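Below is one structure, written out as structure tokens; the observations come after it.
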Amino acid sequence: MADAATHAGDGHEDDRSFFTRWFMSTNHKDIGILYLITSGLLGFISVAFTVYMRLELMEPGVQYMYMASELSPERLQQVFAEFFAENGALLGEATRTQLEFLQGSLASMAPNSEGLIVIDGGMRSDVVEITSSLAAQSAGAERSAILGLQSEIGGSPNGHIWNVMITGHGILMMFFVVIPALFGGFGNYFMPLMIGAPDMAFPRLNNLSYWLFVAGSSLALASVVSPGGNGQLGSGIGWVLYAPLSTSEGGFSTDLAIFAVHVSGASSILGAINIITTFLNMRAPGMTLFKVPLFAWSILVTAVLILLALPVLAGAITMLLTDRNFGTAFFQAEYGGDPVLYQHLLWFFGHPEVYIVILPAFGIVSHVVATFSKKPIFGYMPMVWAMIAIGALGFVVWAHHMYTVGMSLSQQSYFMLATMVIAVPTGVKIFSWIATMWGGSVEFKTPMLWAFGFIFLFTVGGVTGIVLSQAAVDRAYHDTYYVVAHFHYVMSLGAVFGIFAGIYYWFTKMTGREYSELGGKIHFWSMFIGANITFFPQHFLGRQGMPRRYIDYPEQFALWNYVSSIGAFISFASFLFFLGVMAHGLLYGRRVTEPKYWGEGTDPTLEWTLPNPPPEHTFEQLPTRDMWDESLKGGAGHH
């Protein structure tokens, strides 16, 4: 327990210079804000990658990622001559006229220094627009012939760019957006406040952890624009870094991507050590383990998972690096290695990673639901033990990602049963949130809407997870869009909705300003509608058999891909609107002086006893249980 008084918080203005505060800071609140801002910027980049990918998949045969076509004038003339000779009888007069006009436009282009006509940029757009329009008005053999001509003169899809987008999006979201925002951002800012600690146990280590995160994210971004495979830029191996592709991909962009994950892991491990030490040794007098708020518990369990799981990933990707650069053969089958070993090591980290991402969101939602139901959380002790159980079970179910690699029937049976068991503690949490709302005076403020959205999305993702836990079913759905939909409902949408719930819940506490309640609600509904339009149709695509990671697809999958892309554009627009809501709140929002912004029903945690925003040195003296009982009298209840 903490046994030393904090520095006095005299309430004066912060007199640190900008550089000292934001570059050299050892204050847990400033570092938490830095994590949130940086992860938000990286999230914007990652979501932009997603929008580009959904634009690519919006319609079959219409490519925005392509390799430019280079034809000699003679070859260009030959292509059109052969096309008209073979298909002239199929073409209508108007179609033939437009194609002849297109031929003349291309033939009038000046060749480059090598004597080739390069069909790129605006001219390629014209080719695609004209031929796609003609194909849409045609059918049968005529349509196929026109699309074949488009492929011949308009260039071919560039699958490498597609794979680079997938790799960049996955690595950024998994390692540099969601975990840093929830664990590094909210965890750094609010966990010490909730337990009454003056700061983190190792403040300088906290600063180092953040700057390692910045270094890792810089490497990840650099990997997108560095020389890679196929003589192009970027690493296209996917965020899971599967061997043997990751051991054979050329260029050093893949090495940068692997090293980025390494540095991110080092940052998270240092942060986890700091969190665990702070939680166990620096709680205020009278705050025993089972009086600690649920969010602080969620951060502790997450830190333990990080400390146990990330070193395994670090070992696996170190072996990848040595396979690539030093002649080892851990994962190269042709030299006696085993690619499946890499999958075991990756997913031994990868499934606890799911709970590393989602547990802090559980903690946030628990406090939001209690506050806006005007009731203490239902079943505090079961909620704590459910988080501990989820963390423990997360380490014994990893191979449900690997049903198709040739495991024995007994192994598959074990992982099926173990995976289904995880639904029990997860169900406890869903039940407790609903029971908290039952009979409460529920108020639908913006944070509560995000909590509702989280519960809905996570429940949908959990149900589809039970479906995928069945080995026989998973064989049909493995690597289809059904898995993409499940994964995003749990990890992406669940975690992101938890982040937004936390931002709106604690915005006034962190900034001392009030955001627009109407703006927050518009943001929620646009994001909720857009996210469901994006990902729910992907269940149908997966059931129809559409594989993931493909740059194009047959027309049978066109409808739901079109709908999914529209949803992605709506979601991106809602994210831009969110930035506007935040900017308006910071610049023009009403100054908030009352500590308990949400009123007397606020869930009684210690941050609500502090000014908005809390001073540099948080407490004048260490709080005791009697002090916070008195200061929060009339709150939602005590744990």
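Note that Cβ sites are derived from N, Cα and C of the backbone, with glycine treated the same way.
Predicted automatically and left uncurated, TrEMBL annotations should be read as such.
What TrEMBL says about this protein:
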- 22-626: domain 'Cytochrome oxidase subunit I profile' (DOMAIN)
- 33-55: transmembrane segment (TRANSMEM)
- 161-187: transmembrane segment (TRANSMEM)
- 208-226: transmembrane segment (TRANSMEM)
- 256-282: transmembrane segment (TRANSMEM)
- 294-321: transmembrane segment (TRANSMEM)
- 354-372: transmembrane segment (TRANSMEM)
- 384-403: transmembrane segment (TRANSMEM)
- 415-436: transmembrane segment (TRANSMEM)
- 448-467: transmembrane segment (TRANSMEM)
- 487-507: transmembrane segment (TRANSMEM)
- 522-542: transmembrane segment (TRANSMEM)
- 562-587: transmembrane segment (TRANSMEM)
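Counting Cβ pairs closer than 8 Å to the transmembrane segment (33-55), the top stretch among 208-226, 294-321, 354-372, 384-403, 487-507 is 208-226. Within its own chain, the transmembrane segment (384-403) is flanked in space by residues 290, 294, 297-298, 301-302, 304-305, 308-309, 340, 343-344, 347-348, 350-352, 354-355, 359, 362-363, 411-412, 415-416, 418-419, 421-422, 424-426, 428-429, 432, 468-469, 471, 474-475, 478, which lie at least six positions past its ends and keep a Cβ under 8 Å from the stretch. Against the transmembrane segment (256-282), stretch 208-226 shows more Cβ pairs under 8 Å than any other of 208-226, 354-372, 415-436, 448-467, 487-507. Same-chain residues lying 6+ beyond the ends of the transmembrane segment (522-542) with a Cβ under 8 Å from its Cβ atoms: 54, 446, 449-450, 453, 457, 460, 464, 477, 480-486, 488-489, 493, 497, 500, 557, 560-561, 563-575, 577-578, 581.
If you average pLDDT over the domain 'Cytochrome oxidase subunit I profile' (22-626) in this model, you get 92. A Cβ distance under 8 Å defines the sequence-distant neighbours of the transmembrane segment (161-187), meaning residues of its chain 6+ beyond its ends; these are 31-33, 35-36, 38-40, 42-43, 45-46, 49-50, 52-53, 56, 65, 209-210, 213, 216-217, 220-221, 223-224, 228, 232-240, 257, 260-261, 264-265, 267-268, 271, 275, 295, 299, 302-303, 306, 353, 356-357, 360-361, 364, 491-492, 495-496, 498-499, 502, 506, 549, 551.
Beyond the transmembrane segment (448-467), the same-chain residues lying 6 or more positions past its ends with a Cβ under 8 Å from any Cβ of the stretch are 358, 361, 364-365, 368-369, 371-372, 419-420, 423, 426, 430, 433-434, 442, 473, 477, 482, 485-491, 493-494, 497-498, 500-501, 504, 520-521, 524-525, 527-528, 531-532, 536, 539.
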